[in-house]
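Below is one structure, written out as structure tokens, with a few remarks after it.
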Amino acid sequence: MCMNQFYLFLFFFCEIFRPFAAVLGIASALFCSYGVAEYLQDAANGMIAANMIGMIMFAKLLIALEVLAPVSLYLAIIMAFGKLYDGSELYVTPALRISPAAVLKPVMIAACGMGIVVAILSNIVRPWSYDELDKLKDRAASGMDVGALIPGNFYTLDGDKRTVYLEDKTILGEEARGVYIFEALGKNRLRIIASRKSVSVINEDKEDKKAHGDWLQFQDAHMYEIGIFPHVSDRIMQMRRGNRASLQETPEEEAKGELPYYMIDSTWSLMTHPNGERRRIVEAQWRCSTFVTTILLALLAAPLSRGGGPRRSKSGRLGIAIVIYFIYYMSYMTMRNWMQSGKIAIFPGIWWAPIGLETALFVPHKLIEITPMAALLGCLIGLGGLARHQELTALTGTGVSDWRIVQVASLLAIPFSLALIIISQTVVPSAFHYSQAIEAKASADRTKTGHFFWALGKGGVFLKVGSIADDGRAWGIQRFKIGSDGKLEEFIKAQSSIPNPDGSWHMSHLLKKTIVRDRVTEENLDSLDWKPFLSREEMYYLTFPIAFVSPTALLQHIIDGRLRGEPALLCERELLNRLALPFSIVALIFFAAPFLFGSTRSKTVGSRIGIGVMIAVAYTLFQEILDRAGLVTGISPIISAFLPPLFIVAAAVQLYARSNPH
């Protein structure tokens, strides 16, 4: 009897483990793929060393496993028991004198075992991984290559403490021309470096490289250290040839007796020394709750797997389970974030309404990103269900060709594309703007609107606006005027400004410094009117990440740039990528054909989802890599935007021909 119980336990355990391994593998691959795509942007722009991306993603994956493992077990139990219910195996267990406890025993053992693993991940691996991740990011940033930066764009480093801009570079990127660096020195000074030429130089000193990274060697450069408050001394230096500087932040030594950063501190220290800091309390609660969360999700999966009877499709169960988990996870993370920021009490707090609004505002942008993947999955699942039940075979028997069916399905790309264009033009920019406004209202500093930008005007005028409101008011204004010889001629810092009816700014509480023949003259002004070189609409869009800018605004930037002789390369690529979106939808629908009409038509819903996710991930990675490589190598934006869908259509034709040789 004991041996029979052991075999029964082993049977159920294996049924759970197989989908668990598959779901965890797919989820991990998906997580890493999108993470790599995110870092490829920085690597392509020379912001980090490309050879460090793999190690960074491994550290991030270790952190993510405390979330991926429980949800994988949750879905695996639903898939495994759902399969047994579909085959009526579990409906006959009472007749075989198998008690419900014997059926649930493997679930409880798997849940407790996974709970222990997740607890180890949360309390030991998580802080270690965050510590290693910080070190890896510092090492990756030390490999920054200024020659790989795209001319005509501002790059902010170290949380806006440093800003880099270059006017031009050689084709191979070995030399940059017109390099400008703006760096905050503490709270009282700014360092401005203006160089006609600069090249990256490898730092041979390994210990120094850890602290400063590689060097920039300047030629014919000027460096200024300007006080941003009255009566703060200034320094002016000239660098002829061979002078070097680092763009990396020098690591700050941890103060004696100061508690470590809460993400890398031990759980015991977080609990025994909260230090009155909400983030430490919330972090300790999070780490202690993951064990219980894992067990609760596993227990929830058991009744969800039953469905409504042996004829009920398991795809419906999976859909309900995913929706339930999504609501649960978003609620969980929301409560954590709002407790950290002090918007609600530690216990229990009213959190769901405002965060639900802010989260919903980012849904339109994500909808545009996932539509091609959704079209592929919809085609695989929907038409795959027809193929499995022979409906597609009946259609082809009436004379309707396979490609005719796929062509009809691809017509869905037309309404999808029109809807996405409308969303991209109207909903996405407004939603992002309102989300930033919500975050700003929650901030203690009412001058922080979440909107800041850098801009370059004619005559070497650099403008930095720390925060700008919808009505045109601005705060934290800094204006630099640099001559054609690379010398700083004027620096103005204004506390705030309000717009005048004629479009000019009425700036107040100003500090003005004029540099003539290496001598600095300081003036304190109550107010000053100045006409900015940007319209209010241009400022509005400069505060947006390029992915949230409307297509018409992108087109206007491209036209204006070409009229000025300054091509807006990033805007061109973004606009072409959006124009290629309908072709991506059609291409992925066509790519589903070999899996619908070939020998794989009998595959289950779960396997089709897995195939679809892997195809979509591979396609997305191909797009991202080609796009980032195009930024560095100068590949035409048209090629990088339209080559992936053409490639996937060609691959679909080849696969279909192999699976249907007749």
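Each residue's number is its place along the chain shown, starting with 1.
Here the Cβ of each residue, glycine as well, is placed from N, Cα and C on the backbone.
Here TrEMBL flags 6-37 (among others) as transmembrane segment.
Here TrEMBL flags 58-82 (among others) as transmembrane segment. Residues 12, 15-20, 22-24, 27-28, 31-32, 35, 90, 107, 110-111, 114, 117-118, 121-122, 125-126, 129-130, 132-133, 136, 290, 293-294, 297-298, 300-302, 304-307, 314, 317-318, 321-322, 325, 329, 606 of the same chain lie 6+ residues outside the transmembrane segment (58-82) yet bring a C-beta within less than 8 angstroms of a C-beta in it.
Tertiary neighbourhood of the transmembrane segment (102-125): same-chain residues 5, 8-9, 12-13, 16-17, 62-63, 65-66, 69-70, 73, 77, 90, 93, 266-267, 286-288, 290-295, 297-299, 301-302, selected by CB-CB distance under 8 Å and a gap of 6+ residues from either end. TrEMBL lists 102-125 (among others) with the feature transmembrane segment.
If you look up TrEMBL, you'll see 316-332 (among others) marked as transmembrane segment.
Annotation comment: TrEMBL describes 344-364 (among others) as transmembrane segment.
The transmembrane segment annotation in TrEMBL covers 370-387 (among others).
TrEMBL lists 408-432 (among others) with the feature transmembrane segment.
The transmembrane segment annotation in TrEMBL covers 452-469 (among others). Long-range contacts of the transmembrane segment (452-469) within the same chain: residues 154, 156, 160, 163, 165, 180, 182, 475-484, 532-534, 539, 542-543, each at least 6 residues beyond the stretch ends and with a Cβ under 8 Å from a Cβ of the stretch.
Under the heading transmembrane segment, TrEMBL lists 539-559 (among others).
Sequence-distant contacts of the transmembrane segment (579-598) (same chain, at least 6 residues past either end, Cβ-Cβ under 8 Å): 368, 371-373, 375-376, 379-380, 383-384, 387, 392, 396, 402-403, 406, 409-410, 412-414, 416-417, 420, 608, 611-612, 615-616, 619, 623, 641-642, 644-646, 648-649, 651-653, 655-656, 658-660. The transmembrane segment annotation in TrEMBL covers 579-598 (among others).
The annotation transmembrane segment is assigned in TrEMBL to 605-622 (among others).
The transmembrane segment feature in TrEMBL is assigned to 634-657 (among others).
Within the same chain, residues 53, 57, 60-61, 64-65, 68-69, 71-73, 75-77, 79-81, 83-84, 98, 102-103, 105-107, 109-110, 606, 610, 613-614, 617, 620-621, 624-625 sit at least 6 positions outside the transmembrane segment (6-37) and bring their C-beta atoms closer than 8 Å to a C-beta of that stretch. Beyond the ends of the transmembrane segment (408-432), by six or more residues, the same chain brings 361-365, 367-368, 371, 375, 379, 383, 541, 544-545, 548-553, 578, 581-582, 585-586, 589-590 to within a C-beta distance below 8 angstroms of the stretch.
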